[in-house]
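Novice: So Swiss-Prot has the following annotated:
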TRANSIT   1-17  transit peptide
MOD_RES   Lys51  N6-acetyllysine
MOD_RES   Lys52  N6-succinyllysine
MOD_RES   Lys52  N6-acetyllysine
MOD_RES   Lys81  N6-succinyllysine
SITE      Asn186  site 'Transition state stabilizer'
BINDING   Gly262, Ser263, Thr264, Glu265, Val266, Gly267  NAD(+) binding site
ACT_SITE  Glu285  active site, proton acceptor
ACT_SITE  Cys319  active site, nucleophile
MOD_RES   Lys364  N6-acetyllysine
MOD_RES   Lys364  N6-succinyllysine
MOD_RES   Lys383  N6-acetyllysine
MOD_RES   Lys399  N6-acetyllysine
MOD_RES   Lys399  N6-succinyllysine
MOD_RES   Lys414  N6-acetyllysine
MOD_RES   Lys414  N6-succinyllysine
MOD_RES   Lys429  N6-acetyllysine
Amino acid sequence: MLRFLAPRLLSLQGRTARYSSAAALPSPILNPDIPYNQLFINNEWQDAVSKKTFPTVNPTTGEVIGHVAEGDRADVDRAVKAAREAFRLGSPWRRMDASERGRLLNRLADLVERDRVYLASLETLDNGKPFQESYALDLDEVIKVYRYFAGWADKWHGKTIPMDGQHFCFTRHEPVGVCGQIIPWNFPLVMQGWKLAPALATGNTVVMKVAEQTPLSALYLASLIKEAGFPPGVVNIITGYGPTAGAAIAQHVDVDKVAFTGSTEVGHLIQKAAGDSNLKRVTLELGGKSPSIVLADADMEHAVEQCHEALFFNMGQCCCAGSRTFVEESIYNEFLERTVEKAKQRKVGNPFELDTQQGPQVDKEQFERVLGYIQLGQKEGAKLLCGGERFGERGFFIKPTVFGGVQDDMRIAKEEIFGPVQPLFKFKKIEEVVERANNTRYGLAAAVFTRDLDKAMYFTQALQAGTVWVNTYNIVTCHTPFGGFKESGNGRELGEDGLKAYTEVKTVTIKVPQKNS
C-alpha cells in the first residue's frame, strides 16, 4: 500500500540528501502533545455516540499512547449528514470559486509546513517509521500533493463540442458529491493527502475513516483543515474500526463514491458493498507482490541497493514493495551475497534516532504475521540467509530477513507478507521471467534493471503492472498516476488521472436559432 511528490524509495542516502547530516535534520519532539482524540464532524470535535474509545499504541515500546473515540455506524451517519449539507446547492462550498478552493488547499499546505516537525514526530510515535523519513519524505510529499492539486482547482474543466445541426454543446466536470475515503496505516498523512487533495480541488465533500492503528496525525491535520478556513462539513474525520465505521461508509446510500487503500481482501468487500447499496463509484488501491527483475548486464551495485530499498523501505510495509527479486542465473550467487550483506548492515532501532533505517512493524498483529511467514518460508524449504527473528526485547522489531532458493509455488512467493522479508529467485531466460513475474493475482508495480534499452522497453510492455520502473524503484510523484492491474485495484490516484475519479462529466446541449462557425 501510498507516495507523491519527491522521489520516494531511493537509497536512504539519496532520499534524504537535503538532510545529509544530523545537524540538517531538526530534532524530533520525543513526547509530542496529543491535543485531539475525538471525531471531527462539521468542523467540531465530538465524542462517539456510543462514548466508546480505543487505544492507540506506540509500536516502538508496545505501550499505549492514549485513547481516541471509537466511531461506528451512528457516527458515520452524522458525518455523512454534515457532508451532504455542505454539498447542497447554494452552500458556501458549492458557491465558492474554484480558485478559492485552490487557495484553501495552499493554505493547508502552509499550515502543514509550519507544523512539519510536530507532524513528523507524531507520525513516528504512532506508526514507528524513522523520524528522518517521516520528516524528509512523508511530510515533503504531503505538502507537495496539496500544492499540486491546489493548482488544478481552476484548471479542471470541460470543453465545447462542435455538434451537427442547430445546437451548441459543452461539457461540465462536476464533483461527484459526498466521498467516503478509507486510508491505511503505513503512510497515514501521505495517504490522507492523496485522497483529500483531489477530492477537495474538484469541489467534493469528504467523510474519511482513518486507520485505527495510526489515528493521531490525521486528527491533527483535521484541526489544520479548520484553521485553513474550509467550511463546516466539507471534511469529516472518523476514527474507528473497519468492520464497523469502514463498512458503514462503503454501505451508505448517501455516499456517492468510496476510495480505499488497503488489502485486496477488504477491497473485495468494499466493491461488493458499493454494488449492494447504491452503485457508488469505487477507487481501490490494494495489495501487491511486485517483481524486481535484475538482468546480467545490470549495474550490480546499483541494482542491489535499489532492490534492497524496494523491499525494506518503511519496514517492508508498502503495497508496491519489491517483494519478489528475480536475478539472472549467471549473477545470482554474487547478487545474493551482496544482498545478504546489505541486509545485515541495515540499522534497526529507535525510530527517533536520526541514523535509524528501520523501525518496528506497526503493531503486534503485523509483527506476528511477518514472523509467521518467516517460519512458513523455512518450513516450505526456502533457505534463510539472515534475520528471521525478533530484534530487541520490546516493541515490534524484526531483523531484516533474506531468503534464497525460493520457489514460485511457496506461499512466501505468492502472498503479500508486508514486512522486512526479501525472497530471491533465479531465472535463465527473459521470456521465462516475464511469465513468472506475471503469474500472480496482483499487478501494482514492477521493475527491471538492465543496460539494454531494447530489453528494458520489452519489459515495460510485457509486465502486467500499473507502474513499471527501469533501473530504479518506487519513484512516485504527485504528477504521475498510480494504481494497479488485476486484484491490485481499479482506478488511479495522483496526476491528472487522479482528478477523473472525483468528477462526473455532464453533457449540456442547447438549441440555438442559428449556428455559425
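Here the Cβ of each residue, glycine as well, is placed from N, Cα and C on the backbone.
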Novice: Tell me the Cα distance separating Gly267 (NAD(+) binding site) from Asn186 (site 'Transition state stabilizer'), rounded to the nearest angstrom.
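Specialist: The Cα atom of Asn186 (site 'Transition state stabilizer') is 16 Å away from the Cα atom of Gly267 (NAD(+) binding site).
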Novice: CA-CA, which of the recorded positions Thr264, Val266, Glu285, Cys319, Lys429 lies nearest Lys52 (N6-succinyllysine)?
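Specialist: Its closest listed neighbour, by Cα, is Val266.
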Novice: Inside 8 A of the center formed by the CB atoms of Gly262, Ser263, Thr264, Glu265, Val266, Gly267, which other residues of the chain have their CB, for the recorded NAD(+) site?
Specialist: Phe260, His268, Leu269, Ile270, Leu286, Gly287
Novice: Enter the number of other CB atoms within 10 angstroms of the CB of Lys383 (N6-acetyllysine).
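Specialist: I get 13 for this one.
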Novice: Any idea what DSSP makes of Asn186 (site 'Transition state stabilizer'), helix, strand or coil?
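Specialist: Its secondary structure by DSSP: coil.
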Novice: If I take the alpha carbons of Lys364 (N6-acetyllysine) and Lys399 (N6-acetyllysine), what is the distance between them in whole Å?
Specialist: 15
Novice: If you measure from the C-alpha of Ser263 (NAD(+) binding site), which of the recorded positions Lys51, Lys81, Cys319, Lys399, Lys414, Lys429 fall inside 10 Å?
Specialist: Cys319
Novice: Comparing the modified residues Lys51, Lys52, Lys81, Lys364, Lys429, which residue's C-beta has the most other C-beta atoms within 10 angstroms in this structure?
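Specialist: Counting Cβ neighbours within 10 Å, the top one is Lys81.
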Novice: Specify the secondary structure state of Lys52 (N6-succinyllysine) as given by DSSP, simplified to three classes.
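Specialist: Once the DSSP labels are grouped into three classes, Lys52 (N6-succinyllysine) ends up as coil.
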Novice: What three-state secondary structure does DSSP assign to Glu265 (NAD(+) binding site)?
Specialist: helix
Novice: Looking only at Gly262, Gly267, the binding-site residues on record, which one has the least crowded Cβ, with the fewest other Cβ atoms within 10 Å?
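Specialist: Candidates: the binding-site residues Gly262, Gly267. Fewest Cβ atoms within 10 Å: Gly267.
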Novice: Give the residue from the recorded positions Asn186, Ser263, Thr264 that has the most other Cβ atoms within 10 Å of its Cβ, counting over every protein chain displayed.
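Specialist: Comparing the recorded positions Asn186, Ser263, Thr264, the most crowded Cβ belongs to Asn186.
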Novice: Least buried of the recorded positions Glu265, Glu285, going by other Cβ atoms within 10 Å?
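Specialist: Comparing Cβ neighbour counts within 10 Å for the recorded positions Glu265, Glu285 gives Glu265.
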Novice: Can you tell me whether DSSP puts Glu285 (active site, proton acceptor) in helix, strand or coil?
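Specialist: In three-state terms, Glu285 (active site, proton acceptor) counts as strand.
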Novice: Quick one, of the modified residues Lys399, Lys414, which Cβ has the fewest other Cβ within 10 Å?
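Specialist: Ranked by other Cβ atoms within 10 Å, the modified residues Lys399, Lys414 bottom out at Lys414.
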